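TrEMBL has this to say about the protein:
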- 7, 9, 95, 205: divalent metal cation 1 binding site (BINDING)
- 131, 156: divalent metal cation 2 binding site (BINDING)
């Protein structure tokens, strides 16, 4: 069995021993593929170091997170690109999108940065990994406008309703299901129950959004097993089947 964490910030753990212990817990739980979303220019070398240490398990992305978008976002995006070793393969442009939870005054800049990076992904034939918080309509509008035969990717940390799920699926994108599916009052469990497994991938978004029973504590990729078990329960399937299908879906997205 292979479990795939399609979205983890494992590189945020600065302590090498702690980071290695986290990775070992992943391997002990058959979580052997971890995809690393980029945030800004500062996170590029952190990701590169982790990939160098665990090249068979860690797969890098490159992109500018919407919360890192400022008035000078083009300069930061260029710094992200220039920081990366062109000899090292990247597997997606991400995480990119719109976040209006913390900042509403930079919507135009976030929209432009999102569209620019979508087109970069298309040109490079790479998938996108989408960050969307308090901005579904804004994100969906751009995705629909930019939709094309070679646009593929993951709507990271999906927590919307069934109608929104179907809108994303109709664009040919996968839904990233994380710890929120285990939260009693979030309502995501009822949505996931109605979505075919062929549209889902699993993620932790560690160190954020830990699944039950770890709420209030830092998340880590090893906890992906709790998310997989919840999806298995909702679909009345063995965990092995969930791992098989969601890993296959991730392979289709990332081309591995």
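Residue numbers in this text run from 1 along the chain shown.
Glycine too: its Cβ is placed from the backbone N, Cα and C atoms.
Between the CA atoms of residue 205 (divalent metal cation 1 binding site) and residue 156 (divalent metal cation 2 binding site) there is a gap of 9 Å. Considering only the binding-site residues 7, 9, 131, 156, the Cβ with the fewest other Cβ atoms within 10 Å is that of 9. For the binding-site residues 95, 205, the greatest number of Cβ atoms within 10 Å around a candidate Cβ is found at 95. Close to the recorded divalent metal cation 1 site, the chain also has 8, 37, 129, 131, 156, 157, 203, 204, 206, 208: residues not among 7, 9, 95, 205 whose Cβ is within 8 Å of the site's Cβ mean position. Among the binding-site residues 7, 9, 95, the residue whose Cα lies closest in space to that of residue 131 (divalent metal cation 2 binding site) is 95.
Between the C-alpha atoms of residue 95 (divalent metal cation 1 binding site) and residue 156 (divalent metal cation 2 binding site), the distance comes to 8 Å. A distance of 13 Å separates the Cα atom of residue 9 (divalent metal cation 1 binding site) from that of residue 156 (divalent metal cation 2 binding site).
Annotated pair residue 156 (divalent metal cation 2 binding site) and residue 7 (divalent metal cation 1 binding site), C-alpha to C-alpha distance, rounded: 8 Å.
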